């Protein structure tokens with residue numbers, strides 16, 4: 001519990017109030033809660049103050065656009081309403097105070113970049129558990145103690161949700177947490193008051209331009225994690241063009257590369273010298289500031305070599321002995337919906353992956369090719385009401401790397417599926433190897449029944465998701481379940 005006057009440094013109210021939780025959604029308010037009314041992109045929380053009071057809110061903090069109103073207190077009945085200037089910007093700091101700075105008592109690692117955030121955050125938590133920690137994770141798949149993850153709405157939750165979750169993890173015994181930090185979360189200051197032991201940058205490719213408007217804005221949002229927030233250790237993928245540029249500006253950052261010829265300069269470093277890919281993963285010979293060795297990876301694809309090196313480098317920077325990391329790496333497992341392989345005797349191999357950007361799709365197809373002796377199939381779609389510019393680019397990638405392509409439905413939302421297909425098809429030079437099957441289950445069925453034993457079918461776009469968003473309705477759908485049904 002936190003007292004209202006202590007939270008806002010207010011002069012003593014006549015009757016100070018003890019608050020149980022901070023709540024942004026008026027529908028979730030309970031007696032004793034502090035309702036936070038901020039102006040979001042779609043709705044203004046101030047419109048729901050009456051609803052929050054009806055549900056028993058003990059106090060309200062309300063965003064105001066007038067600096068002169070900052071920390072003034074009004075009353076609705078007996079309930080104090082504290083006006084707060086630029087509340088959304090400062091909400092992370094307020095929640096940090098409310099929940100007693102939970103990130104100070106956790107080893108917190110933030111992971112940002114277009115692709116790889118989920119795999120890296122999950123691997124960090126998994127590896128920390130193997131090293132004897134109680135780990136938690138927050139991100140696209142969900143939030144919770146490792147092995148007890150609950151589905152989440154957004155990659156990076158609200159400023160309040162993040163602080164309250166970290167507090168809950170701490171009280172549940174966690175001492176290590178990895179969190180995916182999205183560009184939206186950074187641009188909207190949702191992680192502003194967190195204390196990061198380390199931050200990892202994976203890569204930057206086209207995504208979310210419907211929100212950021214330009215790649216420059218997108219990169220600037222990501223960069224804040226390394227230049228403006230409380231981040232101790234910075235681990236950067238040097239093979240990414242933006243990452244390489246940032247390394248020239250961040251002399252204390254650690255450089256990680258898959259290029260044996262990478263010139264390390266003055267940075268601490270990790271680089272792969274030789275990589276042997278095989279059906280069960282890869283064997284990575286590496287050299288680093290912490291020593292040399294061979295890392296046995298259970299993950300498929302070159303991009304997962306990069307992901308694993310970024311994770312191991314971060315743990316090495318924390319002081320874990322190299323020999324301990326190499327020994328425990330053998331027990332690591334893949335991540336749900338991330339290059340997840342499904343195999344049955346005498347059937348084509350199916351790989352389910354979350355790839356939903358041109359770069360991610362290219363990397364997934366290249367990785368799938370390494371395990372393909374026959375034809376490579378690609379099933380994909382593009383989300384509705386989202387960046388239309390990437391749709392023809394996805395088609396170009398699929399046409400370049402796959403022999404057979406099926407365009408299908410992938411969360412059309414309120415947009416016409418035929419319009420989405422038209423945008424995608426504009427990227428193909430030749431439609432001979434392309435089929436359009438809007439029903440995703442039928443698309444998967446057709447591919448599995450048409451492909452032969454040595455073929456590989458990449459089902460891209462949904463990964464761990466078990467739903468389709470059609471109109472405003474969320475319908476149960478799992479690529480894995482459908483694939484298994486038709487493979488059996």
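Quick reminder: no glycine exception, Cβ is built from N, Cα and C everywhere.
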Site-mate of 410, 411, 412, 413, 461, 465 for meso-2,6-diaminopimelate in Swiss-Prot, selected among 386, 388: 386
Task: Rank the recorded positions 117, 222, 386, 413 by the number of other Cβ atoms within 10 Å of each Cβ, and give the residue at the low end.
output: 413
- line: Counting every protein chain shown, other Cβ atoms within 10 Å of the Cβ of residue 118 (ATP binding site) number 23
- line: Long-range Cβ list for residue 410 (meso-2,6-diaminopimelate binding site), cut-off under 8 Å, min separation 6+ in sequence, same chain only, gives 356, 380, 381, 382, 383, 440, 461, 462, 468
Task: Looking only at the motif 'Meso-diaminopimelate recognition motif' (410-413), report the model's average pLDDT.
output: 97
- prompt: Which one is it: of the recorded positions 222, 411, 465, whose Cα lies the shortest distance from the Cα of residue 118 (ATP binding site)?
  reply: 465
